[in-house]
Each structure stands twice: as C-alpha cells, then as structure tokens.
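As written in TrEMBL, here are the features:
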- 12-41: transmembrane segment (TRANSMEM)
- 92-116: transmembrane segment (TRANSMEM)
- 122-141: transmembrane segment (TRANSMEM)
- 153-171: transmembrane segment (TRANSMEM)
- 211-231: transmembrane segment (TRANSMEM)
- 243-262: transmembrane segment (TRANSMEM)
- 282-303: transmembrane segment (TRANSMEM)
- 324-339: transmembrane segment (TRANSMEM)
- 345-365: transmembrane segment (TRANSMEM)
- 386-406: transmembrane segment (TRANSMEM)
- 458-478: transmembrane segment (TRANSMEM)
- 490-517: transmembrane segment (TRANSMEM)
Amino acid sequence: MLNKPVLVESLIVFTIVLLVHAVVWDRYSWCTVALAIQAFYVQFKWDRLLQLGGAVFQFRTAANSGLLPASMVIPLLGIVMKERCKSAGIVYFERFGIVVASTGMLVALFLSVIAVGITKPVPTNTCILTGVAGSIIIYTMKHSLTVSEVIEVLEVLLIFVYLSMILLYLLPRCFTPGEALLVLGGISFVLNQLIKRSLNVIEGRGDPIDFFLLVAVVGVVLLGLFFTVLFTFMDSGTWISSMFFHMMTAVLGLGVIMPWLYRLIQRNPLFWLLQFLFQTQTRVYLLVYWTFLAASACGVVFYQNARRSSESKKHQASTITRKYFHFIVVATYVPGLIYDRQLLYVAAVLCLAVFIFLEYIRYFRIKPFGQTLRHLLSLFLDERDSGPLILTHIYLLLGMSLPVWLFPRSCAPKGTLSGAGALVPYSGVLAVGVGDTIASVFGSTMGEIKWPGTKKTFEGTMTAIFAQIIAVALILIFDSSVNLNSSYAWILASVSLVSLLEAYTTQIDNLLLPLYLQIMFMA
C-alpha cells in the first residue's frame, strides 16, 4: 500500500490538475483526469516492482516511482499552452499545444502499460483502469488530431521507446520511472522537432535561438551515445583514448552539428552567435557579470575541497553549502530576465551544453581533467546521485531554464502574458532559487515540526511560501513588464501548492517544481 507521503503528494497533484481544469475545462480535461486516476493506481505497481527489484531496468532506489506527478507535467503544459495561444489567435501554436498534450498522455500511458504488463499476477482492476484511460485518450485524439499530427505523436513515442531501452540500460540508478518519463520524453520531443524542422526548412522562418536549443540538446545527447558505445570497446582513461575523444568531439561538432545548425538558420552559426552575444552594451555588461559569478561558483568548489582534510575523505558538503549555488544561480537569472531574456535563453543553452560535456569528461575519465572533476564534485554528492552520472547541477540549470525556454513568446503580446502568466519566466527562480533554497536552509537550521512521514519541516515550507511572496513583490518593483492584474490569490495558491509538493515529493525537485509552477501561472 502507498505510504502517507506518496498519498499526500498524489493529493497535491490531483488538486493542481483540478484547479487547472477548472480554468481551462474542455475535451482534453477528461483525458487528463482519466490519466491521473490510472497513473495513481499504477504507482502501486511501480513502487512494488522497485521494492522487489522486479523492474526491467535499475531505477533510483531512494525514491518512489513518481509516476503520477511526472505523467501530468507534459499534458498540462500542452493544454495551458493551447489555451494561451488560442486566446492570442495563434492557430499554429494552438495546434502545437494539442500535439504536446497528446504526446505527453500517450508516453505516460505507455509507461503505465509497461508496469502493468510486468506485474505478476496481472492486476485486473488496474488493467481495466488503464484500458479505460487509454480508450478515452485514443478516442479524443482520433477526433482532435489531423493525420500528420497523429504521425508526429507516434514518432515521438517510437523515439521514446528506443531512447528508454538504450539510456536506462546504459545509465542504471540515474532516474526514477517518473524522472525518466520527463527527461527522456523531453529529449524525444526535441529530437522529433529537430528532424521535422530540418526536413521542412523555409528560409527566414523560425527564430534562430529556437533552432540553437534543438541542435544543442540533440548534439550533446548524440555525442554521449557515440562515446558510450565507443568506450565499451576501449579504455577511456588512457591518453590515446582522451586524444581521440577531443578529436572526435571537434569532428562531430564542426562536421555535423555546425552544418546542421547552418542549414536551419541559413547563416554561419559561429558568426551569428558572436554577433548575438555582443550586439548591445547591455549584453556585454551581463556577460561580464555572469563570468564573475561563474568564477565565484568555481571558487566555492575549490574552497570547499581545500577544507576537506585527508582524514575526512567521506566528508560531504552540507545542505547550506550546496544552496550557495542556488543563490548564485538566482543572481545569474534575475538580471537576465529583467534586461535581456533572449540573451539569457542562449546563455542557458550554452551553459547546459558545457555542463553535459564536462560530465562526459568526468564520467569517461578523460585526461587531463577527468579525474580532477571526479575528485572535486564528489564532495557535493547526495542520495539522488546514486548512479554513474552526477546530474543534480544539470537539473538545477534545467529547472531555472525550462520556464525561459518553454515560454510561449509567439502567443505573448508585447513579450509577456497577462495576469499570473507574466511570472512564467520567473517560475524557476521562485520555485527552486527562492522557495527550495529557503525551505532547505530554514528547515535544516530552525525547523522542529516535521511534516508526517518526511524529513521536511513545517517551518521550512512556511518560510519558503513567505519568501516567494516577497520575491514576487520585488519582481513587480524591478520588472516593469510584469502586470499581475489582481491575480494575487491565484499566485498565492500556486506558490503554496508547489511548496507543499516540495515537502512531500521524493523526485528531483529542481526539475519538477518549476514545471508545476509554470503550469499554474500559465493557467
């Protein structure tokens, strides 16, 4: 039977689903509610499989499956995007939102079917619920999607199946089923979009920064897959292997990724990037400021490692020490959101590519920095880094960046949405940079009353909510583009629900919380 924290987590997710659909109720709402109910029941099966070691792949063991909260993210994002673009009269992105929602539902349903299929004995009631939910979703898709859109949804599902089989085998204990759904589902959708746009290039159509994101994400993933296969046949820790790694990275970057990006944006990618980065004086100031913050973050890493004595090799950085990086990230993102969001968009993509590339160097022990990175980063490991990869810093970057990348700019007149939607780009800053950080710091230092069944404290959650309300007030003061139109009650409810979710979820909160806060703000 599900334990109390999972039940409360599920209740919070159901509340968010019902609140969103109270605002945007339509035919897709029935599908989402049906999917949520069956995902709740399938969580029983996944959790039991994880406890008994009966899952097909090795998942992260220090958490529950997280199927329900993960299953709702992509469908809800698609639905709120559809409604925003429909009200703005942008038909193309309205249809795109429908495709996103349908894809999220089908991928989540597929993961549920896997859990039901490998559970012995076969759970009859859960099978019936899954069948009913699947029938509702397929019937709605049949009457909502065009033939080309159905093909697109099936393409993403096919990519997701193959990526899951490859990456979950190569990276044991790195994800829970819910985290795998979010991460691999997102990569599958990005890969399908890149293929689709590459085959239908029209000169002058599309924003180059969108193409830059697609190519960067797919490029680093393909690079990782290539070297993973290569280093199964040779030792990656030798100088010859390391030279080959750097040489092949240059070949793939200059020979595949650059020409691919050139085809999409119809200009030299390097010249475009340099021109974009140094286009205005404000951008130069921001880049200098961000360089200083990056140097400060490196200084924290070196300082903390210098304090680690030879007698205390098992010493790990404290929660407060790890939250230094949250403060640095907030200081990085807030000026970018206020002064130049396009520059922040591109800089976050570059930073993600660098983070993943450095993780490859650490994981494969590539000389001359691989072993050094292993030593430096081992100090900041926590229970969520139980697999071969260290992903918490990448999840932090993703949590802050996804609201910026997923912001529907084409459906936002004058570059901003109305009401609470104006805070969408700030979702990562509020949920992770402010809320999660304050909850951890105050909860670990002054918290005494624990939420039932968790290590999180009531004091930490309350101070997180209060801190996010103060942050919203400061955003109103310093960002003139934000106009909340008296939607303060909705903002308070959104912040409170996401803070409660942070207290009870065992999933990667850096990834999950900003997405739910973005969904609530966009609704």
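Positions of Cβ are set from backbone N, Cα and C atoms, glycine also.
These numbers come from a predicted model, not from an experiment.
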Among 12-41, 92-116, 122-141, 345-365, 458-478, stretch most in contact with the transmembrane segment (153-171) (C-beta, under 8 angstroms): 92-116
Range from 92-116, 211-231, 282-303, 386-406, 458-478 with the greatest count of C-beta pairs under 8 A to the transmembrane segment (243-262): 211-231
Seg_contact(the transmembrane segment (211-231), the transmembrane segment (345-365)) with at least 3 CB pairs under 8 angstroms, min sep 6: yes
Seg_contact(the transmembrane segment (12-41), the transmembrane segment (490-517)) with at least 3 CB pairs under 8 angstroms, min sep 6: yes
Other parts of the chain folded back onto the transmembrane segment (282-303), taken as Cβ under 8 Å at six or more residues beyond its ends: 321, 324-325, 328, 331-332, 335-336, 339-340, 343, 347, 376-377, 379-380
Stretch of maximal Cβ-Cβ contact with the transmembrane segment (345-365) [cut-off: under 8 Å; candidates 122-141, 386-406, 458-478, 490-517]: 386-406
Contact between the transmembrane segment (458-478) and the transmembrane segment (386-406) (3 or more Cβ pairs under 8 Å, separation 6+): no
